[in-house]
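Enquirer: Dumping what Swiss-Prot says about this protein:
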- C12, C49, C83: [4Fe-4S] cluster 1 binding site (BINDING)
- C157, C161, C164: [4Fe-4S] cluster 2 binding site (BINDING)
- 3-120: domain 'MTTase N-terminal' (DOMAIN)
- 143-375: domain 'Radical SAM core' (DOMAIN)
- 378-442: domain 'TRAM' (DOMAIN)
Amino acid sequence: MAKKLFIETHGCQMNEYDSSRMADLLGEHQALEVTENAAEADVILLNTCSIREKAQEKVFSKLGMWRELKQQNPDLVIGVGGCVASQEGAAIRERAPYVDVVFGPQTLHRLPEMIDAARSTRKPQVDVSFPEIEKFDRLPEPRVDGPTAFVSVMEGCSKYCSFCVVPYTRGEEVSRPFDDVIAEVIHLAENGVREVTLLGQNVNGFRGLTHDGRLADFAELLRVVAAVDGIERIRYTTSHPLEFSDALIQAHAEVPELVKFIHLPVQSGSDRVLAAMKRNHTVLEYKSRIRKLKAAVPDICISSDFIVGFPGETEKDFEQTMKLVEDVGFDFSFSFIYSARPGTPAADLADDLPEEVKKQRLQILQSRIHQQGYEISRRMVGSTQRILVTDFSKKDPGMLQGRTENNRIVNFRCDNPRLIGQFAQVHIDDALPHSLRGTLIDSTLH
């Protein structure tokens, strides 16, 4: 009987990508088959996130649930990876001594040998080092599962925002070689992928070495990815305003494969708070980027990240954030109440804003952005949208599901599985709070 691998992933799309590569790696080197049931697994891996305090506590809660499985099966290997592993290292075993393997985001390629060593020596294996981009050289070609795929193009971040742990858990920015990224995209396209999402903590800071020794920027990478036969849509995340260049904006105007959606985190609409966050740009500079982008692509939709209740945030600071929300017209956000992360400069700042005030501000922010997003969705009713069909609807097996260019989920009546992976013209009939509903007009089956 084949041995089983269970992976649970917390956090960002980079972690989702890393988890898929772990499955590829262990499938090739140890013939492990992925299971959705931790109780039947021979190897359990938890890919962690340390951005939020609650996410970190969630790690040890989950490990506690698996302790009984380890007691029942001493041969079970439990591994912890991702950013909590990178941050805590061997200290994870102080709270969870039954963990066998601890690895960081940059050492996941060493998993086969670490698992083997844990089994043969019965001793814990810990490696949370930063061997730059070596992991990509030792990973197999990615397996394709559907018409969309993630492609990591760079790792780490060198911006050192005062609130953020990423530079400490994933290291400084390192870009993959340009040709390696293109080769991975070609492989995906040849196996049916039609939409790629390029990933990086600061993805538009990509500077990849080409075969002729040049450094190619992100705008050039986008143009070459768009030229790959079979790739019809390109998304990317996450961007930093400092790296959102005129060349990148021009690419949005000229490359039709780039979707009409961008995620550009701003965190706050107050210059005073942005300075304390060490974001190294002003609100005016951010709005200037947005104005140029909207001039290049008038119907583009924009989402962002916000932190509410950063130490020292006043009512005036929050009002300035809400003004930015109105001025830009964000239609979606990842927004959170500030939580201090150990080891970051902001953790030393006095955080004396009452929790109730923080919660109230977050509710106001999220409510307004949700309203703006819903207004955009309502304006789409009556239009015809080109949808990339990705799967059956999660709520109704008689419906298919896809996504618009501006990142709306669309459900429509159709039970033909051959349409999955294809593009379809769908008339939008109704706007729901979190999705659209439509009617299939036309599709192109290959």
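Heads up, the Cβ atoms here are built off N, Cα and C, so glycines get one too.
If you look at the structure here, what lies around each of the features I listed?
Expert: Counting only same-chain residues six or more apart in sequence, the Cβ atoms lying under 8 angstroms from the Cβ of C83 ([4Fe-4S] cluster 1 binding site) belong to G11, N15, T48, C49, S50, I51, P105, V165, V166, T169, R170.
DSSP assigns C157 ([4Fe-4S] cluster 2 binding site) to coil in the three-state reduction, outside any helix or strand. A sphere of 10 angstroms centred on the C-beta of C157 ([4Fe-4S] cluster 2 binding site) encloses 23 other C-beta atoms.
The domain 'Radical SAM core' (143-375) scores a mean pLDDT of 96 in the predicted structure.
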Enquirer: Let's check the environment of C49 ([4Fe-4S] cluster 1 binding site): how many other CB atoms sit within 10 Å of its CB?
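Expert: I get 20 for this one.
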Enquirer: Can you tell me the CA-to-CA distance separating C157 ([4Fe-4S] cluster 2 binding site) and C12 ([4Fe-4S] cluster 1 binding site), as a whole number of Å?
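Expert: Computed Cα spacing between C157 ([4Fe-4S] cluster 2 binding site) and C12 ([4Fe-4S] cluster 1 binding site) is 14 Å.
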Enquirer: When you measure from the Cβ of C164 ([4Fe-4S] cluster 2 binding site), which residues in the chain that are at least 6 apart have a Cβ under 8 Å away?
Expert: I51, C157, R341, T344
Enquirer: Can you list, in sequence order, the residues of the same chain other than C12, C49, C83 whose CB lies within 8 Å of the CB centroid of the [4Fe-4S] cluster 1 site?
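Expert: For the [4Fe-4S] cluster 1 site the neighbour list reads H10, G11, M14, N15, T48, S50, I51, A55, G82, T169.
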